[in-house]
Amino acid sequence: MSLFSVVSDPGAFMELYQPLKVDGVELVVLMSVVLGYLGILALLGAVLPGQTIAGTLLADKTRVYYKCNGLASLVVMLAGLGIAIKFDYISPTIIADRGGKMCTATFVLCLMMSVWLTLRGYFTKENSESLKSHATGNIIEDWWLGVQLNPNFLGLDLKFFWIRAGMMGWLLIDFSVAAKQYIEQGSLSPSMALFQLFCTLYIFDYFWHEEYMTSTWDIIAENFGFMLIFGDLVFIPFTFSIQAWWLLSHSVDITPTAAAMNVLVFLIGFAVFRSANTQKHKFKQDPKVKIWGKPAKAIGGRLLVSGCWGISRHCNYLGDILVAFSFSLPCGISDFSRPCSSPVPYFYPTYLFILLLWRERRDEARCSTKYKELWKEYCKAVPWRIFPYIY
């Protein structure tokens, strides 16, 4: 049984739990492996060339500068791993064979780091917006949400680096699971191939447009606490790969028509997601930028109503939801007439759907407070929250 293979029998959850158990010595070894991965990635980030992007202007008029060389780092890392696998220095299934234990080790590492950063934030004497203490006095809240906005270590911006590590980790897990299926079965199933194709395109595109991450809410406004530390390095790689784990031990017959529909859902979602984020990022850089061939229109010069942003107020969420479902469709729906044989592969899109609905409400409340009358005008101009003509 693979890490996330859950069937209907009551003993399945106990069987699922076993791979997560790890003894003390093995835990230290696996944590060292994760630290080694982070160290190599940090080194690649430091030495490889990349465009330096100025972050959003903070409250104290300072900025954080980000070196966007994630794509180069990913390519070099994959090439290095390929060479190591070719000469039998490591096994391509090294992660797939230890998925649960690796998840446990990463979780413990993130827990330790979150405690360290909380204490560091409490005792900092820095006064900059990025490094000063934003403590609330509630130790649980401070640990969960973080105390510092942009903590760094040896000049490395930890928040930006952490999401890079998580996204690359997701791809490495996917590839390791695919390698395990190929070795065990002699080929990749069509469903596994579709899932791997979608994720690979999505992750490579993420790093191709890595600079866009510098203007996201997580980077510019969220403190770096356990929520992001765990979310970036544990939840993203180990949960977003849940479909690959499930397909490792489940056979799904997928028809050419179903495969074509899967591809169509992915392409539509991907186009909406990428277009929306590109338009928003370029508008922030230049409010006079052309969108869909026309000068951008904005209410009060601040709230974009051109392109995708004139269709719904959170159209990027729509694209994200469609992409997430496209990742899971190969796992259980072969002709769109039969129910999925398990809800497990649909955990990620279901979770994301609920999360984005909650986040949309949170965004709306925050924007209403920030923009006041402009926000009311914007809501009249763009009445749909996420799904045009539905919600």
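Yeah, the Cβs are placed from backbone N, Cα and C, and that goes for glycine too.
Look at TrEMBL and you will find 27-48 (among others) tagged as transmembrane segment.
Sequence-distant contacts of the transmembrane segment (68-85) (same chain, at least 6 residues past either end, Cβ-Cβ under 8 Å): 40-41, 44-45, 48-53, 91-92, 164, 167-168, 171-172, 203-204, 206-208, 210-211, 214. Residues annotated as transmembrane segment in TrEMBL: 68-85 (among others).
Per TrEMBL, the feature transmembrane segment maps to 105-123 (among others).
The feature transmembrane segment is assigned by TrEMBL to 161-179 (among others). Away from its own ends, the transmembrane segment (161-179) comes close to residues 2, 37-38, 41-42, 45, 70, 73-74, 77, 81, 92-96, 99, 188, 192, 195-196, 199-200, 203, 206-207, 210, 213, 218, 224, 228-229, 231-233, 236-238, 240-241, 244-245, 248 of its chain (Cβ-Cβ under 8 Å, at least six residues beyond either end).
If you look up TrEMBL, you'll see 191-208 (among others) marked as transmembrane segment. Outside the transmembrane segment (191-208), and at least 6 residues removed from its termini, the chain residues within Cβ reach (under 8 Å) are 70-71, 74, 164, 167-168, 170-171, 174-175, 178, 181, 240-241, 243-244, 247-248, 252, 254, 259, 262-263, 266, 270, 274, 323, 326-327, 330-331.
The transmembrane segment annotation in TrEMBL covers 220-248 (among others).
Remote same-chain partners of the transmembrane segment (254-273), defined as residues 6 or more beyond its termini with a Cβ less than 8 Å from a stretch Cβ, comprise 190-191, 194, 198, 201-202, 205, 308, 315-316, 318-327, 329-330, 333-336. Marked as transmembrane segment by TrEMBL: 254-273 (among others).
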